[in-house]
Amino acid sequence: MNNAQKDITSWADKSGSFKRQVSSFRDIIEPNGQFPPEKGRYHLYVSLACPWAHRALIVRQLKGLEDFFDVSTVHPHMLEKGWHFAKSSENPAPQSEHSDDTFPAATVDNLFGVSHLRELYFKVEPDYQARFTVPVIWDKKTNKIVNNESSEIIRFLNTAFNDQLSGEQQSLDLYPKELQKEIDGLNEWVYNDINNGVYKSGFATTQEAYEAAVKPLAEGLEKVEKILSDGRDFLIGGRLTEADVRLYTTIIRYDPVYYVHFKCNLGLIRHDYPHLHKWLQRLYWKNPAFKDTTNFEHIKEHYYYSHKHINPNRIVPYGPNVDIEPLEE
């Protein structure tokens, strides 16, 4: 077994604090580069449960790139060998003693038919020793991983294919030059305190590490609530930007998962953060790219089933399939 995949509890340092790894593959798709923007050349690997992969799916749909990138979706159970794919004729045997390897919307590996995501990492780097994460952009021409860092993937998806798009999808800019400084500033503390803050809280292995993470998380949520208190639809500049995408994928998972599973019981978004809740509802109900890519079944199944050190009996809460309240304005 790869050392990096032993157990989620091994992802904490000696103080008990969760440490997120730095992504290993950092090339980009760009004109005249090693990986040019060619329609159909690239494949996107995702989990519908993962907030980082969710970013890429949202931007793919916002920019109208569904025909540019085909997709393989892992099973929501992340077990001993990491993410695995649904059972296929090429891989008929169960991938784990804990999983039946079938789940709605999970697919086979549509490129190679492998059973686990890790096999793709090893194809590129046989001695790979880090975690096997999603999203992954795979280049079908060179059989290489282009990038597995979500923040960079959504940046190049935002612009790289514009010459092949038209209308609103071409003109949509999620990182406009005049707002970049403000977006970068907000992204920095939202990532540290909220996006990664829920993980630092949930994966902490000491009380001190937990409190060191959950208190900045509480402050971050209050800060966002204040920003949105004027009733705005978007975080920055009166328009949809990557800042909204990056925050959305955490907040949509907050009430169904993080509040209980990660001990982030500072308050429910739907009850205790009214402006943040309204912002979330508007994105979900008014924009298909957010609603269509949100799969609550995968989200709940993954977290509650996969994290055995937090939920030893792997009991998945019974609840609504669409875990967000209707928008009333």
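Placement of Cβ uses the backbone N, Cα and C atoms for every residue, glycine included.
Annotation comment: TrEMBL describes Cys50 as active site, nucleophile. Annotated glutathione binding site per TrEMBL: Trp83, Arg131, Phe132, Thr133, Val134, Glu149, Ser150, in sequence order. Per TrEMBL, domain 'GST C-terminal' is recorded for 176-306. Positions annotated as active site, proton donor/acceptor by TrEMBL: Tyr199. Marked as site 'Lowers pKa of active site Cys' by TrEMBL: Tyr258, Tyr303.
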**Asked** Whole-number Å distance between the CA of Phe132 (glutathione binding site) and the CA of Tyr303 (site 'Lowers pKa of active site Cys')?
**Response** 16
**Message:** Whole-number answer please: how many Å between the C-alpha atoms of Tyr303 (site 'Lowers pKa of active site Cys') and Val134 (glutathione binding site)?
**Reply:** 15
**Message:** Within 10 Å of its Cβ, which one of these recorded positions (Trp83, Tyr199, Tyr303) has the largest number of other Cβ atoms?
**Reply:** Trp83
**Asked** Near the residue listed as 'active site, proton donor/acceptor', which recorded positions out of Trp83, Arg131, Val134, Ser150, Tyr258 have their CA within 10 Å?
**Response** Tyr258
**Message:** Restricting to the record's glutathione-binding residues (Trp83, Arg131, Phe132, Thr133, Val134, Glu149, Ser150), give me the longest CA-CA distance in Å as a whole number.
**Reply:** 17
**Request:** In whole Å, note down how far the CA of Cys50 (active site, nucleophile) lies from the CA of Arg131 (glutathione binding site).
**Result:** 14
**Message:** Rounded to a whole angstrom, what is the C-alpha distance between Glu149 (glutathione binding site) and Cys50 (active site, nucleophile)?
**Reply:** 13
**Item:** the residue listed as 'active site, nucleophile' and Ser150 (glutathione binding site), Cα-Cα, nearest whole angstrom
**Value:** 11
**Request:** Compare the Cα of Tyr258 (site 'Lowers pKa of active site Cys') against each of the recorded positions Cys50, Trp83, Thr133, Val134 and report the nearest.
**Result:** Cys50
**Item:** Cβ contacts of Cys50 (active site, nucleophile) (under 8 Å, same chain, 6 or more positions away)
**Value:** Val134, Pro135, His302
**Prompt:** Among all the protein chains here, how many other CB atoms are within 10 A of the CB of Glu149 (glutathione binding site)?
**Reply:** 20
